[in-house]
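Noted in TrEMBL for the protein shown:
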- 18-133: domain 'Acyl-coenzyme A oxidase N-terminal' (DOMAIN)
- THR139, GLY178: FAD binding site (BINDING)
- 279-440: domain 'Acyl-CoA oxidase C-alpha1' (DOMAIN)
- GLU425: active site, proton acceptor (ACT_SITE)
- 481-657: domain 'Acyl-CoA oxidase C-terminal' (DOMAIN)
Amino acid sequence: MEGGVDYLADERKKAEFDVQQMKIVWAGSHHTFEISDRISKLVANDPAFSKDERTMLPRKELFKNTLRKASYAWKRINDLHLSEEEASQLRFYVDEPAFTDLHWGMFIPAIKGQGTDEQQKKWLPLAYKMQIIGCYAQTELGHGSNVQGLETTATFDPQTDEFVIHSPTLTSSKWWPGGLGKVSTHGVVYARLITDGQEHGIHGFIVQLRRLEDHRPLPGIIIGDIGMKFGNGAYNTMDNGVLRFDHVRIPRDQMLMRVSQVTRDGKVVQSDVPRQLVYGTMVYVRQTIVQDASCALSRAVCIATRYSAVRRQFGSHNGGPETQVIDYKTQQSRLFPLLASAYAFRFVGEWLKWLYTDVTQRLQANDFSTLPEAHACTAGLKSLTTSVTADGIEECRKLCGGHGYLCTSGLPELFAVYVPACTYEGDNIVLMLQVARILMKTVSQLGSGKLPVGTMAYMGRIEHLLQYRCNVQKAEDWLNPAIVLEAFEARAARMSVSCAKKLSKFANPEEGFAELSADLVEAVVAHCQLIVVSKFIEKLQQDIPGKGVKQQLKVLCGVYYLFLLHKHQGDFLATSCVTPKQASLANDQLRVLYSQVRPNAIALVDAFNYTDHFLGSILGRYDGNVYPKLYEAAWKDPLNDSVVPDGYHQYIRPLLKQQRSAKL
Ligand SMILES: CCCCCCC/C=C/C(=O)SCCNC(=O)CCNC(=O)[C@H](O)C(C)(C)COP(=O)(O)OP(=O)(O)OC[C@H]1O[C@@H](n2cnc3c(N)ncnc32)[C@H](O)[C@@H]1OP(=O)(O)O
Ligand SMILES: Cc1cc2nc3c(=O)[nH]c(=O)nc-3n(C[C@H](O)[C@H](O)[C@H](O)COP(=O)(O)OP(=O)(O)OC[C@H]3O[C@@H](n4cnc5c(N)ncnc54)[C@H](O)[C@@H]3O)c2cc1C
């Protein structure tokens with residue numbers, strides 16, 4: 001802290017709960033807290049991981065710097081004998097998108113999920129030691145969302161027992177894969193399998209891309225980076241790549257064969273594993289993206305909350321201090337729902353991780369029954385949480401006024417890094433429409449005796465939910481979780497049923513689905529919000545130790561659902577789930593909760609336990625020492641290296657001279 005002064009000390013004294021215990025709740029357990037606390041400090045205290053100049057570096061320097069950091073991180077991981085969990089925390093706190101994200105986050109999981117035991121035995125040890133570096137090469141120039149539309153071909157040649165990987169058109173060029181452009185030696189490449197002139201759908205193939213001796217592309221391979229992306233620094237540390245194949249041959253055993261096998265004589269044999277498992281890596285990553293959403297949102301909220309307590313504007317009485325902007329009700333009504341959402345996403349992310357682990361264990365035992373539920377939950381929650389987070393980061397920038405627009409606020413880069421999460425791993429609308437199909441299928445099966453399960457189980461009480469009347473009579477009734485859950489269930493159920501009814505009027509269901517797709521997306525949002533609300537409420541039913549911790553979480557949970565109810569009151573009113581009077585009472589209660597959050601706001605963001613290094617924001621500094629540090633940082637900008645700028649003699653002086661002579 002600057003000179004030991006904590007400008008937010010008074011704010012911290014207002015906390016009504018045990019912050020240390022809240023840190024443990026946020027981390028998930030004592031164990032994860034200990035690791036993340038230790039590793040985040042290790043990274044923060046190592047100058048080799050400094051992020052200071054990232055937004056000012058030209059691309060080539062930026063990228064080389066990322067390579068340096070990634071290689072140094074790997075050295076530290078090995079020197080310190082870090083466990084897998086610690087290593088992944090270290091990469092997280094280094095906080096720089098890099099090829100390693102795809103190597104550990106997609107290449108390895110793809111081999112684990114879609115490779116046979118033999119294939120895993122061969123490839124995983126190489127990948128774990130980083131003796132090969134891999135990427136996930138699915139998307140092409142012409143197709144990303146429509147995976148079945150991919151054009152790259154993998155044609156089996158029975159003469160040589162090989163697949164011939166080929167890019168037949170320009171649009172079949174692989175385009176976007178992270179780590180591909182400049183680093184990966186290998187990729188899991190998705191291509192149309194062709195044997196004996198017959199097509200057998202999309203499959204994954206392990207393809208070597210570069211020579212291990214000198215990193216040059218193998219014969220028949222054209223490979224490069226796709227160019228600068230949105231923002232300074234940001235995702236430009238990543239080498240998203242382009243890749244073309246000209247009849248590249250790979251051995252038959254490099255097709256990932258857990259889902260289907262190609263025999264020596266070119267026959268395709270389906271295993272009893274469902275075909276959808278070819279999409280399994282995406283389910284895994286979507287689940288991690290939900291967990292990441294709470295990290296990105298909490299970061300932005302931490303910056304905006306601390307700065308809102310430091311910043312004063314208007315309202316001075318008799319020469320006294322002006323009002324802290326955090327005390328304006330408008331600031332609270334924009335900021336506190338985002339704070340509550342960060343906590344809500346943390347808990348739903350925790351639950352989704354559990355669900356994914358459970359599904360994985362079942363898949364290993366050949367139980368595929370919960371795969372549709374895992375697909376629906378990961379697709380829907382990925383869409384909901386990333387959209388709210390991207391919008392939330394931008395709202396936090398606005399909450400910081402003009403200074404939020406400075407790169408030193410950390411918010412522009414955070415936004416630029418984060419916003420593609422709404423697109424990658426499945427465009428959010430495309431994924432919502434996947435969930436819509438599952439919802440409509442569920443509604444159409446009601447009454448058939450097949451009871452909906454998991455997060456759709458509430459649909460099993462459809463008769464009751466269609467009759468439901470909310471009995472809130474006073475504002476505090478909205479603090480009753482049972483009442484809230486029913487209102488959210490009834491809203492989601494009625495919106496789905498209304499879509500299903502409209503859909504049934506179309507002779508062609510596909511035409512109906514396309515026509516109603518915008519309404520369907522709204523029904524999916526209602527369904528996904530219900531999941532988040534219900535998981536937050538479930539969390540509160542657990543034993544949560546620490547003075548005042550559970551109480552604070554109850555307040556945040558109330559803020560989360562009442563804000564949603566207020567924002568989407570059109571849905572609740574149109575479906576007659578609440579009356580106008582009840583909606584108004586919900587808003588009254590929400591204002592009461594905002595004033596309960598206010599004294600705890602700084603402590604609630606301290607509970608994220610982020611170091612100043614990780615936050616990367618002068619506005620969000622732990623000590624609140626904003627103005628001197630902003631002033632100091634401005635002078636470090638390269639534009640201030642000279643008093644008179646480069647270009648003065650060429651452009652400014654002649655201009656001024658010309659104006660002077662025009663006057664004369
Ligand atoms: C930690 C790493 C750091 C992250 C960095 C980010 C790097 C980014 C990487 C990427 O972006 S990789 C590329 C990601 N690409 C996508 O996400 C593409 C999105 N598109 C799709 O997922 C699919 O093509 C589609 C939209 C699901 C449509 O596929 P398709 O036309 O083949 O299927 P449908 O006919 O719609 O459905 C058939 C059947 O399958 C079920 N299903 C679909 N997807 C899955 C799945 N992932 N898992 C399980 N089941 C799935 C679907 O519900 C249908 O079921 P039924 O109705 O037949 O029961
Ligand atoms: C930063 C970044 C990193 C990436 N990393 C990788 C990677 O490592 N590996 C990899 O393989 N890919 C990667 N991708 C690609 C990514 O997965 C795709 O861009 C993504 O799946 C979206 O597909 P698309 O680009 O084809 O979008 P499109 O589908 O072309 O979307 C364009 C618009 O059309 C709409 N749309 C499309 N289909 C429908 C429909 N059926 N109904 C209604 N609207 C529709 C979408 O909502 C969107 O508004 C990355 C992308 C980005 C931005």
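The backbone N, Cα and C atoms fix where each Cβ goes, and this holds for glycine too.
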Using DSSP, how many residues of the domain 'Acyl-coenzyme A oxidase N-terminal' (18-133) fall into helix, strand and coil, respectively?
90 helix, 0 strand, 26 coil
Round to a whole number and give the Cα-to-Cα distance in Å for the pair GLY178 (FAD binding site) and GLU425 (active site, proton acceptor).
12
Looking at Cβ-Cβ distances, which residues of the chain lie under 8 angstroms from THR139 (FAD binding site) while being 6 or more apart from it?
LYS174, TRP175, TRP176, PRO177
Would you mind pulling the DSSP three-state label for GLY178 (FAD binding site)?
coil
Tertiary neighbours of GLU425 (active site, proton acceptor) (same chain, Cβ under 8 Å, six or more apart):
MET282, VAL285, ARG286, ILE289, LYS382
